[in-house]
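In TrEMBL this protein carries:
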- 82-102: transmembrane segment (TRANSMEM)
- 82-494: domain 'Major facilitator superfamily (MFS) profile' (DOMAIN)
- 122-141: transmembrane segment (TRANSMEM)
- 150-172: transmembrane segment (TRANSMEM)
- 178-198: transmembrane segment (TRANSMEM)
- 210-229: transmembrane segment (TRANSMEM)
- 241-263: transmembrane segment (TRANSMEM)
- 309-328: transmembrane segment (TRANSMEM)
- 348-369: transmembrane segment (TRANSMEM)
- 376-395: transmembrane segment (TRANSMEM)
- 401-423: transmembrane segment (TRANSMEM)
- 435-452: transmembrane segment (TRANSMEM)
- 472-491: transmembrane segment (TRANSMEM)
Amino acid sequence: MSACLNDRFSMSSDKNTVEIVSEDLAHKTHPITSVLSAQSNIFADEDQDITLGFIREYEKNGLSSLANVDLNAITKKVDKQMMLIMFLCYTCQFIDKVALNYANIMGLKKDLGLVGNQFSDLATYFFVGFLIFEPIQGFFIQKISPTRVLAVNVMLWGVLCMCSSAATNFAGMITVRVLLGCSEAAIAPCLVLITASWYTRGQAAFRTGIWYCGLGAGQIIGGLISFIFQQISTSAPFKGWKIMFLVIGFGNLLVGLAAYFYLPVNPVECKFLTQDEKYALVIKLSETKIGVQSKKFVKSQVWEALNDITLYLFFIIACTISFSSNTITTFSSVDILSFGFTSKQAALLNMPSGVVSIASTLLSTFFIMKGFHRGLSIMVLCIPAVCGGALLSFLPKSNQAGLLVGIYMINTIVAPLAIIYAWVGNCVAGHTKKICFNVAVMFGFGLANILGPQSYRADDYPDYIPAKVSMLATQAATIVIAALINLVYFLRNKRRSKEPKRAMDEDVAAAYLNKTDFENRSFRYLY
């Protein structure tokens, strides 16, 4: 396989133009299928990656000239087609989450007659639906395709978000929140898998960071929307927060439709690349040893995932990160209100949190793309978050400026989840195993989001000191878990480097045969 690929292209990680390096290519010899066909059942195996059939058909029909195929140009085409829609999907999802935060300071609690911890329960039960539906959504993703599941769920939660405006009591609103959780369970896993299917491991972290910036954009846009709709009189027959939910839901519906018609199912079925460009892209992606898509559910990969210690480490770190990040995004407006600001001021003062989220996400994923360690990036991002948690926990209420700085600093804890998404996408091979890891991460995310809002108890009003101390503790725990993941991957790579080297054709074939990172001993982990 290696000889075959090297006869075709020179595509090292630091060289992005596909170059003809062999005269044999002009005569259309050494097709990939001639190497893979050494295994007689290779194309009958339904475990294989979808790209394998495309490669066979392409080479069967004869090769076109690839001398001028530029991988940089292909990547730009993919970015143009994919990134904006993916960013908007994540933005819409997060605006819906912060909408509840802003609706609270716009009178939702009073209008629905919420008492005690019922507002916290609205935030919590969203993630009950999220957890229940996470494995079900994972099954749909495997059997259909991430892009189609993504688009349908974005449209569904747009409709459900509009239904929020019809709620008149706690029972009605909590029903909508649970259903919203069911539909939003698919979003992050879909986006992670789409990113891993279109970008190399070196490119994926920064692209994940780009669409993940939708979270920060959601904070900014949500604050602006809240401020605008707070101008509506509280005595108006149709409340401002109800109009806000209608507008947000309609926007989500439009984005879902755009995702359905604009996002291609996979690289080999897309319309915006030529056949030559598709071929060059899937060969380049084979270097990741991860593959693009397989619809076969492989039970052995489930058991392998359950026996992989990093599954549990990623679950735990998703918990510790999300406990703080969701708590601060759900209750930051409430916190700012408790500092002595008005509801309109709270909406505007919360917007810089989004700027911090975007800046920390883009900077960290950019440096990872340039070779900075993933685990170390998470640790660095936790430092200002820990400091911010300390400011919120221990500064006197009279120090408004210091408390606001604490709120903003904590928002750096939002960025590590983007790194976790990309880390899982790049360090887990085997399609079923990858989905298991994504489900585990989202389970951790969902569990933390159930526990986080419950730390804001009515009895602790207005300072909520236990909640703030809990954020501080989980941020410190994140540093420890990130170091452990780094250590595990370092030791695995060290062991594998001592093993006898396999033939390169077997290494590349693993990308097309849905092999896991355990099965493919040439696979190297990023950390």
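Heads up, residue numbers simply count up from 1 along the chain you see.
Glycine residues also receive a Cβ, built from the backbone N, Cα and C atoms like all the rest.
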Problem - Arithmetic mean of per-residue pLDDT over the domain 'Major facilitator superfamily (MFS) profile' (82-494) - result: 86
Practice task
Count the Cβ pairs between the transmembrane segment (435-452) and the transmembrane segment (309-328) that lie under 8 angstroms and are 6 or more residues apart in sequence, then report whether there are at least 3.
Solution key: yes
Handout entry: Whether the transmembrane segment (401-423) meets the transmembrane segment (178-198): three or more C-beta pairs under 8 angstroms
Key = yes
Exercise for the section: Report, as numbers and ranges, every residue of the chain located at least six residues beyond the transmembrane segment (472-491) whose Cβ falls under 8 Å of a Cβ in that stretch; write 'none' if there are none. Expected result: 309-310, 313-314, 316-317, 319-321, 323-324, 373-376, 378-379, 382, 385-386, 389-390, 393, 410, 413, 416, 423, 427, 448, 525-527
Exercise for the section: For the transmembrane segment (376-395), name the stretch out of 82-102, 150-172, 210-229, 348-369 with the most CB-CB pairs under 8 Å. Expected result: 348-369
Completion exercise
In the same chain, residues at least 6 away from the ends of the transmembrane segment (122-141) whose Cβ sits under 8 Å of its Cβ atoms read 97, 100, 114, 149, 153, 170, 173-174, 177-186, 189-190, 193, 297, 326, 330, 435-436, 438-439, 442-443, 446-447, 449-450, 452-454
Problem - Top Cβ-contact partner of the transmembrane segment (241-263) among 82-102, 178-198, 348-369 (pairs under 8 Å) - result: 82-102
Exercise for the section: Tally Cβ pairs under 8 Å between the transmembrane segment (210-229) and each listed stretch (82-102, 178-198, 309-328), then give the stretch with the top tally. Expected result: 82-102
Practice task
Taking the transmembrane segment (178-198) as the first stretch and the transmembrane segment (309-328) as the second, find out whether 3 or more Cβ pairs fall under 8 Å, excluding pairs closer than 6 in sequence.
Solution key: no
Completion exercise
Under 8 Å Cβ-Cβ from the transmembrane segment (150-172), and at least six residues away from its ends along the same chain, one finds 89, 92-93, 96, 99, 112-114, 118, 121-122, 137, 179-180, 183-184, 186-187, 190-191, 194, 241-243, 245-246, 248-257, 259-260, 263
